[in-house]
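Okay, structure first, notes after.
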């Protein structure tokens, strides 16, 4: 078994960190030695608002209060009741919270955390963000490709992946898609180990797992800690078979420390304070009972036999108990010993504060874009039946619509029906684009985690998703539908007009998809952008339909057309189809008689009734409007993504 000072382990970390940009010699030494994380008098405050929307009041709440401790290589557990303190402490140590509310010092081997500490340490969130539509190896290759510098050879990356697969006993499952909770958890850990960072944070890694799977995960973490890694994780009431593997234990409640030290000394610490521990009791349950005020002790002898019947009294009792336990720990010899070590580590570092909020990437934009597109296409292939069903429905619907309009003839009485077909094409592009709002919503948590961990920049993710998701799922179905309908219906058969129509359909589809994207990028639920976009398109399509029969918008509502995406697309399709058409052939006396009292005989007449300019600009102005609308909406989408990444860090 490798020791904590194993030169092989340190050399592997050095090879990786030498390739990191903006990493100086001091940072290299800090991160390649046995990583000892110390935190000194840290407090964390959050500002919350309450009240009515226009009369909200802001309150500052102290979530962590004057916490100090040290985490050495090994298994460092953070336990506590369900009040959010343990996960908050973990996130603060991992630099995954807004640093503006943080006070105190957090050091690595006695030096301030690097500004890009989030990118030079591993973090496994409580809710797994593994892509379940690709294999375990594909997930690891994605992590290695984006988090390791391009200067590292492909063979070296493959070697690291194979080592991690063997370490976590994933060799047999490497070509399986991670669907089970246990496999997803191990895959999440493996993705962090590929980078060989010396510190790994895990937020409740055993949540939702059975005892056997929990034991397997903890044993995996223990094997990693024996390699010299510092494993820091939060956990809730583990069994003794799990607890016995812990090297360090930190008990927190109400934002205060109840105990911090060797895990095996915790029972003796509370025994010496007067708490009676029964041999058959689980240590983790015993600690939480003490924190929750469930045990009488020498500090509470005057309250023996008292029954708390009300919730408020129970809450007040717990608050008093945690306060007493925190004071007891602050006056204990254990804290004095820890304080002496912390003071020695701190030295003069109080003058060198680091915000630890910078996110750096070790790969260039094009490299990130390529891998995001490849991963998106693999994800796309992971839903084959969805693709097949969508294709079948598109073909059937297009064939039905084309057949229904197959009766179109080049005469005057078919003008409105021809325009109705183009209106139906416009409706299809708009309605099918509504679901585009889910593109950035369903991957929101994964995006936050991967971006914060240094996988890619926001720009790479943005353009990669647009190219890999919208083209196969939005543009191709729209193009296929329009192509089949156009050919079967037998409208204006000209190569120039055909390709112009396809170009118009693509621009319209992308512009229509940009609207739900701009709304969905800032939302947590798919229902919100779907509802808003549906209302918008129904409203705008209604007015576009009125213009088909009345010739123009209602005078008092004419301004609406300037904000209507369907309006611009429909007008462009009309211009392309009707310009140069003659619906009253002079050599067909039967059709001439049918057109005797009919007003419209040429396509130009119909376009003029619709208020469409007959010049080339009358066509291209609609394209320009659609492109400008698309650019504005996609810009809003990008800004939304930039804002989202700053709201909550993962």
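The count begins at 1 with the first shown residue.
Every residue, even glycine, has its Cβ placed from backbone N, Cα and C.
The topological domain 'Cytoplasmic' annotation in Swiss-Prot covers 1-387 (among others), and the record cites sequence analysis as its basis.
The domain 'ABC transporter' annotation in Swiss-Prot covers 37-279 and is backed by sequence analysis.
The domain 'ABC transmembrane type-2' feature in Swiss-Prot is assigned to 381-644.
Residues of the same chain lying 6 or more positions beyond the ends of the transmembrane segment (388-408) and with a Cβ under 8 Å from any Cβ of it are 414, 417-418, 420-421, 424, 473, 477, 480-491. Look at Swiss-Prot and you will find 388-408 (among others) tagged as transmembrane segment, backed by sequence analysis.
Under the heading topological domain 'Extracellular', Swiss-Prot lists 409-420 (among others), citing sequence analysis as support.
The transmembrane segment annotation in Swiss-Prot covers 421-441 (among others).
Outside the topological domain 'Cytoplasmic' (442-469), and at least 6 residues removed from its termini, the chain residues within Cβ reach (under 8 Å) are 96, 116, 118-119, 122-123, 125, 127, 129, 131, 143, 146-147, 359-363, 365, 368-369, 371-373, 376-377, 380, 524, 526, 634, 637-638, 641-642, 644-645, 648-650. For 442-469 (among others), the entry in Swiss-Prot reads topological domain 'Cytoplasmic'.
Through the fold, the transmembrane segment (470-490) approaches residues 377, 380, 390-391, 394-395, 397-399, 401-403, 405-406, 408, 421, 424-425, 428-429, 432-433, 436, 439, 498, 501-502, 505-506, 509-510, 513 of its own chain, all at least 6 residues removed from its boundaries and within a Cβ separation under 8 Å. What Swiss-Prot records for 470-490 (among others) is transmembrane segment, and it gives sequence analysis as the kind of evidence.
Long-range contacts of the topological domain 'Extracellular' (491-498) within the same chain, counting only residues at least 6 positions beyond its ends with a Cβ under 8 Å from a Cβ of the stretch, are 408, 418, 421, 576-577, 581. If you look up Swiss-Prot, you'll see 491-498 (among others) marked as topological domain 'Extracellular', on the strength of sequence analysis.
If you look up Swiss-Prot, you'll see 499-519 (among others) marked as transmembrane segment, on the strength of sequence analysis.
Among the features that Swiss-Prot reports, topological domain 'Cytoplasmic' is placed at 520-527 (among others), with the record citing sequence analysis. Listed as Cβ neighbours of the topological domain 'Cytoplasmic' (520-527) (distance under 8 Å, sequence separation of 6 or more from its ends, same chain) are residues 436-442, 444, 636-637, 640-641, 643-644.
According to Swiss-Prot, the transmembrane segment annotation covers 528-548 (among others), on the basis of sequence analysis.
Annotated topological domain 'Extracellular' per Swiss-Prot: 549-623 (among others), in sequence order, evidence recorded as sequence analysis.
The transmembrane segment annotation in Swiss-Prot covers 624-644 (among others).
What Swiss-Prot lists as topological domain 'Cytoplasmic' is 645-648 (among others).
Across the range of the topological domain 'Cytoplasmic' (520-527), the DSSP-based residue counts are 2 helix, 0 strand, 6 coil.
The stretches the transmembrane segment (528-548) and the transmembrane segment (624-644) do not meet in space: the count of Cβ pairs below 8 angstroms, excluding pairs fewer than 6 apart in sequence, stays at fewer than three.
Residues 440, 444, 447-448, 458-459, 461-462, 466, 507-508, 510-511, 514-515, 517-518, 521-522, 565, 568-569, 572 of the same chain lie 6 or more positions beyond the ends of the transmembrane segment (624-644) yet place their CB under 8 Å from a CB of it. Mean pLDDT for the domain 'ABC transporter' (37-279) in this predicted model: 88. Across the range of the topological domain 'Extracellular' (491-498), the DSSP-based residue counts are 4 helix, 0 strand, 4 coil. Each residue in the topological domain 'Cytoplasmic' (442-469) gets a DSSP state, and the totals come to 21 helix, 0 strand, 7 coil.
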